[in-house]
Amino acid sequence: MANCKKLRLKDAALKRLLSVVVVTLLGVLLLIVSLRTNTTPVLSELDEDLSEITDIQSFSEKLNLPKQNEFSIRLAKINQMPPRNRDLYPKLAKDHITIVLYVHNRPQYLQVVVKSLSKVVGISETLLIVSHDGYFEEMNKIVEGIKFCQVKQIFAPYSPHVFPDSFPGVSSNDCKEKDDAGKKHCVGSPDQYGNHRSPRIVSLKHHWWWMMNTVWDGLKETRGHNGHILFIEEDHFIYPNAYRNLQLLVSLKPIKCPDCYAANLAPCDVNLRGEGWDSLIAERMGNVGYAFNWTVWRKIHRKAKEFCFFDDYNWDITMWATVYPSFGSPVYTLRGPRTSAVHFGKCGLHQGQGQTNACIDNGSVNMQVDDIDRVANIRSEWGVHVYDNQPGYKAGFKGWGGWGDDRDRQLCLNFARMYHSYNTSLSAVTMS
């Protein structure tokens, strides 16, 4: 009798155990199904955007780009996320000029330019794209706090700052300074002055070139954009009238200066504030607040080999000394007689992090903004004064170096190929 009771108790316990196992398995299966069918809107939208271009990893392999780490892949995916603040500004103005802000890691500077942008008349009508050279938390927080327009962040996924122990960052077997590669058995080819690459320095040119290719040819928001795009940097103070003035310059350019390639918010000499004349100015392209269209970008893109092989780590000097001269005619830009943007930086890129070396007097910038700087001050009836034979970097200048490593040159060429078929003429560009 006792044995029968024990058997019945064992059977009951076994049945309860089996029922718990079955319920648990059913719960797990339901959870899996739920996760597969109810992906969060952000991830599903991201996957949809990525499918429009190409799978990131296979794309990298096809172009022989550096093997991406997990962080690099994450940044590349973030680049396809839609702009923020679309709930606040659901529609962009029909004639809007997209603004691209090129930044590094100087948060004090970024705070200044963001504050100046917040006061720009018409800023809420357009899209602001912030292009980061790597990921820096303080920089990211400042951009995430922008509420005055639609804003989209993109991060250079092949920045040396994203590859701490391999190219395009620093590899353990890289040649340094003036090392002899044969004697040291290290990797790298020196520049024209015998110096090996510095990842911190070459990232400046890589970032600009990656950004240009991505903005014009890679992003859903700007791919095939017919209008002008304005490019500024984190050490540019933008006056309240900058956007309205730029719209006027863009509309007047085909009439007043049909041979001008671009419109500029500031003189090419960053130390000048303008002539104050009742006249428009045509001069060589400046690097503060410059805007051009897709047609001009195509001309620049076709000069990828010239850009990628010129031994200078500065993107702007490379453009002035080799790309623009290769166009066969002077490259003029149109601007007003009074600046609408000012370069305020006191130290080099990738400096200024932290309070002890802020590179800004007293941690702030006190830029004088007069009443004339608050409203559009360009007149359609003005004529154009043309500056001929301006001083500056020109064809024949050999470059300041810093850009002699074959790996950097090949990576640069691959950035030019990123969003184009291998059937294009660019695919024929080789390291020879």
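From the backbone N, Cα and C atoms, a Cβ is placed for every residue, glycine too.
When TrEMBL is consulted, the disulfide partner of C412, picked from C268, C308, C347, turns out to be C308.
A disulfide bond in TrEMBL ties C257 to one cysteine from C260, C268, and that cysteine is C260. C257 (disulfide bond) sits 30 Å from C308 (disulfide bond), taking the Cα positions as reference.
Nearest to H343 (Mn(2+) binding site) in space, judged by Cα atoms and limited to the recorded positions D133, C175, C260, C308, C412, is D133. Each residue contributes its Cα atom, and for D133 (substrate binding site) and C412 (disulfide bond) these two points are 15 Å apart. In the structure shown, the C-beta of C260 has more C-beta neighbours within 10 angstroms than that of any other entry among the disulfide-bonded residues C260, C412.
In sequence order, N173, D174, C175, K176, D179 constitute the residues six or more apart from C186 (disulfide bond) in its chain with CB-CB distances below 8 Å.
The Cβ of C308 (disulfide bond) lies under 8 Å from the Cβ of W209, R409, C412, L413, A416, each of these being in the same chain and 6 or more residues away along the sequence. For D235 (Mn(2+) binding site) paired with C260 (disulfide bond), the C-alpha to C-alpha distance reads 26 Å.
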